[in-house]
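*Asks:* Provided herewith is a single structure, encoded as structure tokens, for subsequent inquiry.
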Amino acid sequence: MKNLLSMEHLTKEEILHIIARAAAFEKGEAAQLNRTYNVANLFFEPSTRTKTSFEMAERRVGCEVIPFDAGFSSALKGETMYDTVKTLEMIGIDAVIIRAKEDEYYNELLEGIECAVINAGDGAGQHPSQCLLDLYTIYKEFGHFEGLNITIVGDITHSRVAKSNANALTRLGANVRFLCPAEWAGDFEAAHSWEDVLEDSDVIMLLRIQHERHAVSKNFSKDGYHEEFGLTAAREKRMKQGAIIMHPAPINRDVEIADELVECERSRIFSQVRNGVFARMAILETILKERA
Ligand code: CP
């Protein structure tokens, strides 16, 4: 695996390898890398989890993390993504981890760039490292994917997490369903009522409403959304025994999920964050091992 750009590019075997290596790292195994690699994190959109989690994972697999502040970089003077990455490559960077607001920003890096590119989120496109940590979380819980009913709830059309997870989970044999207001379904067929999905879901995966990606600020009511599409305490009580709640975060409490459910017994929201470090260690090891 030279790069990690979109879940569509990963085979089932590659996905299962990353899950297995994440589990090994969680058990305390050391990374199988035979030199120190130099990496830089280029975040042109805000991030708390992904950026910090990658930095932690990079240090734990023995990388040298070279600071890069997108807000003070020459990108602000109009330098292209290609020129920025090529410049870092010439300085000696082996891998760049990039988040940017443009869908598929990585297409301009496919030719002429030798350093590895790891997509940490492209606009409303893909979020493969979030997907891999979500898969690891589900695998830890159930030990398999086949036949699981996984319901993704919320702003599907603007969510890169929804698209990455829908692709990977379907290929792994899960039954992926969507629940959202009609205008947020995009190309997906979605239920519009909890009654269709609540009681037989093994995983309820909630999404943040991506107001920053909405073209027009629509007349949105937080209370109205919570009442119709939020996971409330009453709905949680009707979930199947053993079913879990996931959310990539950041969370809007009392919008997509009731405040009191964020750390309830079923919630794996903060476990996802912890699992993310192991999944990202596995991603880095898999990619860097292929480099000389
Ligand atoms: N889940 C996620 O991508 O969070 P951040 O935006 O904080 O990185």
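Glycine too: its Cβ is placed from the backbone N, Cα and C atoms.
Annotations in TrEMBL come from automatic prediction, not curation.
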*Asks:* If TrEMBL gives Arg49, Thr50, His127, Gln130, Ala249, Pro250 as binding carbamoyl phosphate, which of Arg99, Arg268, Arg274 does it give for that site as well?
*Replies:* Arg99
*Asks:* So if I take the binding-site residues (Arg49, Thr50, Lys77, Gln130, Arg208, Ala249) and measure from each Cβ to the nearest atom of ligand 1, which come out below 6 Å?
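*Replies:* Cβ < 6 Å from ligand 1, in sequence order: Arg49, Thr50, Gln130, Ala249.
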*Asks:* Taking DSSP as the reference, which of helix, strand or coil describes Thr50 (carbamoyl phosphate binding site)?
*Replies:* helix
*Asks:* How big is the gap, in Å, between the Cα of Pro250 (carbamoyl phosphate binding site) and that of Arg208 (L-aspartate binding site), rounded to a whole number?
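*Replies:* Pro250 (carbamoyl phosphate binding site) to Arg208 (L-aspartate binding site), Cα-Cα distance: 7 Å.
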*Asks:* Within 10 Å of the Cβ of Ala249 (carbamoyl phosphate binding site), how many other Cβ atoms are there?
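*Replies:* Excluding its own Cβ, Ala249 (carbamoyl phosphate binding site) sees 17 Cβ atoms within 10 Å.
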*Asks:* Report the nearest neighbour of His127 (carbamoyl phosphate binding site) in space among the binding-site residues Lys77, Arg160, Arg208, comparing Cα positions.
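*Replies:* Of the binding-site residues Lys77, Arg160, Arg208, Arg160 has its Cα closest to that of His127 (carbamoyl phosphate binding site).
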*Asks:* To test your reading of the carbamoyl phosphate site: which residues beyond Arg49, Thr50, Arg99, His127, Gln130, Ala249, Pro250, same chain only, put their Cβ within 8 Å of the Cβ centroid of those residues?
*Replies:* Ser47, Thr48, Ala120, Gly121, Val161, Pro248
